[in-house]
Amino acid sequence: MGFFFSTRKGLLLIIFICLDIFGSNAQLLPEDEVQTLRTIFRKLQNQTVNIERTSCLDRKWNFVAESTSKLPTSNITCDCTFNASSVCRVTNIQLRGFNLRGIIPPEFGNLTRLTEIDLVLNFLSGTIPTTLSQIPLEILAVTGNRLSGPFPPQLGQITTLTDVIMESNLFTGQLPPNLGNLRSLKRLLISSNNITGRIPESLSNLKNLTNFRIDGNSLSGKIPDFIGNWTRLVRLDLQGTSMEGPIPASISNLKNLTELRITDLRGPTSPFPDLQNMTNMERLVLRNCLIREPIPEYIGTSMTMLKLLDLSSNMLNGTIPDTFRSLNAFNFMYLNNNSLTGPVPQFILDSKQNIDLSYNNFTQPPTLSCNQLDVNLISSYPSVTNNSVQWCLRKDLPCPGDAHHSSLFINCGGNRLKVDKDEYADDLNKRGASTFSSVSERWGYSSSGAWLGNDGATYLATDTFNLINESTPEYYKTARLASQSLKYYGLCMRRGSYKVQLYFAEIMFSNDQTYSSLGRRLFDIYVQGILLERDFNIAQRAGGVGKPFLRQVDEVQVNGSTLEIHLKWTGKGTNVIPTRGVYGPLISAITVTPNFKVDTGKPLSNGVVAGIVIAACVAFGLLVLVILRLTGYLGGKEVDENEELRGLDLQTGSFTLKQIKRATNNFDPENKIGEGGFGPVYKGVLADGMTIAVKQLSSKSKQGNREFVTEIGMISALQHPNLVKLYGCCIEGKELLLVYEYLENNSLARALFGTEKQRLHLDWSTRNKVCIGIAKGLAYLHEESRLKIVHRDIKATNVLLDLSLNAKISDFGLAKLDEEENTHISTRIAGTIGYMAPEYAMRGYLTDKADVYSFGVVCLEIVSGKSNTNYRPKEEFIYLLDWAYVLQEQGSLLELVDPDLGTSFSKKEAMRMLNIALLCTNPSPTLRPPMSSVVSMLQGKIKVQPPLVKREADPSGSAAMRFKALEHLSQDSESQVSTYTRNKEHKSSSSMDGPWVDSSFSDPSKDVSLLQQEEGNSSSSSRRLLDDLTDVEIE
């Protein structure tokens, strides 16, 4: 009894103690929430957290994080005001940087008072659980995980949300329209995902937004006009979204903006947006937005708080405003890659801030040496013969001495080292925000761009995570990186062909199961202005982080004395993992070696020395005679026909007529390889052994030599793997010559329609590759290049094939040389019957959709192996295209596939290509897709849903009459082609043993109005063709 008595007293004592501690109003977590929290942490694979009913009071949650490069942050907040302060409820859960694994537990939906979930920088997968729509959530932050799947539509049901922060994940698909229900939303941060499609119109309802970031996604459509509704917006980020311009005028309503970042827009050029009321602006980035205007004066007067200004890679002209002297707060200014003129203001030159003015057209250059300049002015002044201008300031970086180097080895971001027999130069300059450095006479680099959110980030990287294997070359352990643009230059290089090797290894992300492994680095690679890689991902191409990858280019031509390697960030990938400022281009090492035999340096024989002396004497004598003649002392002074070209900044190589005559054996007919609407083409071999193609243009161009050279310079800047490369030009007397790369396999027309001896019998994979190549080339001309070009004459004869049967478009930009005005209504039709879009052929209405139509015809020819203009299966069908529409209605499109292929082709790909061809040849230009979409369709990335054009829904009705008009158009158009042209076409089709000859319909002596007068009443039906065709029923 005594034992039981004492035990009872002990129990009572414990009870009294507990009551004394907690009282009658003990603030405890309900048992159901305790169990819910334990389940959540078990599923998050963190077993160390201690969850008790008393945890809200003693706050002993016992969080333990794995080793990580960033200090983790944890916080669980309770509200204990429920039921007269006797019950606690969890309201906020913050677990940042714990590398939590697994999925986001759906049990979060059982915490009925939870208003915040912050799981930033972990290693979570899966998607957002639907159960979250059951709770009054206000903040959802999951940036820096590996969450995936369609963007969660259930978020649109949580109308209490004020902050949605989901950057740097893997969400896909379009934004759900019901996000417009979140009228309390203040922050919507969804950058660096894989979101596609348009920004939904319903988001116009989000009038409380203060921060909207969607950069680094692959969106479509234009920047919506309704962003002007977001008048409370403080920050707007639209970097690298692939959206179309222009920036809408409604943006002027956003008077509270402090940060505006819009980059890499597609579409037409546009004026500078009206931002003058944004007086609180601190960071303004409008990079590559196709803006063609002077810089507004108000930037210097209204935006006095500006810290960062980036207007690079536009088409800005005029001078730098004097009002910029009032920008006392700025740290970074980027006006590079524009067309600015005039002298650089002295207050800019005296500034010690980061300023990049490279690649402009300034005058009055400074006298400082290249390495004394604090402002990056590389390649910003015309190439002139005045040697007082520093070489680094002049276009194309001409060699200040003899161009004698033939190799280059750089350990980017690392020390000098020797690998095998090669000595790699060190590259340790720590500057990079706006820097040009010519480390030696052999090479230099230019770096540009400020880091997002981390001005102090480094420009040199080391193998922080010890990823590089000891057996891997040492240069992979270091790297140079840049936030935006990184260029390396090989200087004073000999002319000729080189092999370029670029060495990469991702050394800034880890290879473990932590958030530090989740970074994605994407950038573009150009060599000599030619795009080699778009959205290049080092880790992906190498098969993991810390693994080496070599990108090699076997033939790179140096025609001047400079070789340029350009790595460029376009706003894609992540920029917060493992810390802010880890993104942008990165490279470990560069090697450049010659493809030609290099002089060994052995001493010259006496005979060779004597020959050199004699040759020098002869040359000097000739020079004296030339000077005497030009000054009038010998035969009088003659006017130099090309005097107006002196001092011009030629953006392309210059050839002499003597060089070209020697190369082509004086334009020997045996070397003639083709003839088109712009003149004959000859094969030639230069003295250094390089094979070229020379196009002999008509000398009747309406433009003067200066304008001609300007246009050619602009065309030569258009460089893409699927465009024929323009090496240069020659203008002497009446000769206008263009020098192109030589393509060994001639034209696509010859490969498909030539004689049995000439045809290449292309297999299906090659046809598919050729079709995609043409589409990529046109997409570049229309949407990606700075100079937007409509080709006007896309056809099989204007597509050439190299040794590997890669397609390259020729004659791009040449129709522009005969233009007098730049308007949508072209009075001079340049094209070929059977390939011209109806609105262009009949009305002269010219847009890039005319090229889309022509591409559709060529695509049809590639699949069928038949010429659109020569193949008529039945008398009532005018073109192959006409027959294709019939087969489409009958469901028999595959009958068009070239019988030579037999069964060796993909039916799925063939149907895809044929449907795309019909989609592109839609009579209505507005229903034809842009070429970038065509590329995606051909690659199977997006579905093809071509509209069906009904020909014979009512054989006696209007539809049949509309297609009958197409026959009248063909007959009328053929009557307009000169007898000479028809004779040439007849010759090309009947005699295929010689060079492939083709003619375009381009008659400069007759404009549209004259042609219409000559037609008279007999062709009234075809003049109404456009009106007829646009009424064709579309399903």
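A Cβ is built for glycine as well, from the same backbone N, Cα and C atoms used for every other residue.
The ATP binding site annotation in Swiss-Prot covers Ile673, Gly674, Glu675, Gly676, Gly677, Phe678, Gly679, Pro680, Val681, Lys695, and the record cites sequence analysis as its basis. Annotation source Swiss-Prot lists compositional bias 'Polar residues' at 972-981. As annotated by Swiss-Prot, domain 'Protein kinase' applies to 667-948, with the evidence given as sequence analysis. Here Swiss-Prot flags Thr656, Thr827, Thr832 as phosphothreonine. Residues annotated as phosphotyrosine in Swiss-Prot: Tyr740, Tyr840. Swiss-Prot lists Ser826 with the feature phosphoserine. Positions annotated as repeat 'LRR 3' by Swiss-Prot: 137-158. Under the heading repeat 'LRR 5', Swiss-Prot lists 183-206. The feature repeat 'LRR 9' is assigned by Swiss-Prot to 303-326. What Swiss-Prot lists as repeat 'LRR 10' is 328-349. The transmembrane segment feature in Swiss-Prot is assigned to 608-628.
All features noted in Swiss-Prot, drawn onto the structure.
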| residue | record | contacts (Cβ under 8 Å, 6+ apart) |
| --- | --- | --- |
| Thr656 | phosphothreonine | Cys730, Glu732 |
| Val681 | ATP binding site | Lys672, Ile673, Gly674, Glu675, Ala693, Val694, Lys695, Gln696 |
| Tyr740 | phosphotyrosine | Ile692, Ala693, Val694, Lys695, Val724, Lys725, Leu726, Tyr727, Ser810 |
### Summary
On the repeat 'LRR 5' (183-206), the mean of the pLDDT values is 97
### Query
In the same chain, which residue numbers or ranges, 6 or more beyond the ends of the repeat 'LRR 5' (183-206), come under 8 angstroms Cβ to Cβ?
143, 151, 159-177, 212-221, 224, 226, 229-230, 237, 520, 572-576
### Query
Cα-Cα separation of Gly679 (ATP binding site) and Thr832 (phosphothreonine), in Å?
15
#### Entry: Long-range neighbours of the repeat 'LRR 3' (137-158), counting only residues six or more past its ends (CB under 8 A)
104, 114-128, 130, 164-182, 189-190, 193, 195, 515, 518, 574, 576-577
### Query
What is the one among the recorded positions Glu675, Thr832, Tyr840 whose Cβ has the most other Cβ atoms less than or equal to 10 Å away?
Thr832
### Task
Write down the Cα-Cα distance for Tyr840 (phosphotyrosine) and Thr832 (phosphothreonine), rounded and given in Å.
11
### Query
Where does Tyr840 (phosphotyrosine) sit in DSSP terms: helix, strand, or coil?
helix
### Task
Helix, strand, coil: count each for the residues of the repeat 'LRR 10' (328-349), based on DSSP.
4 helix, 4 strand, 14 coil
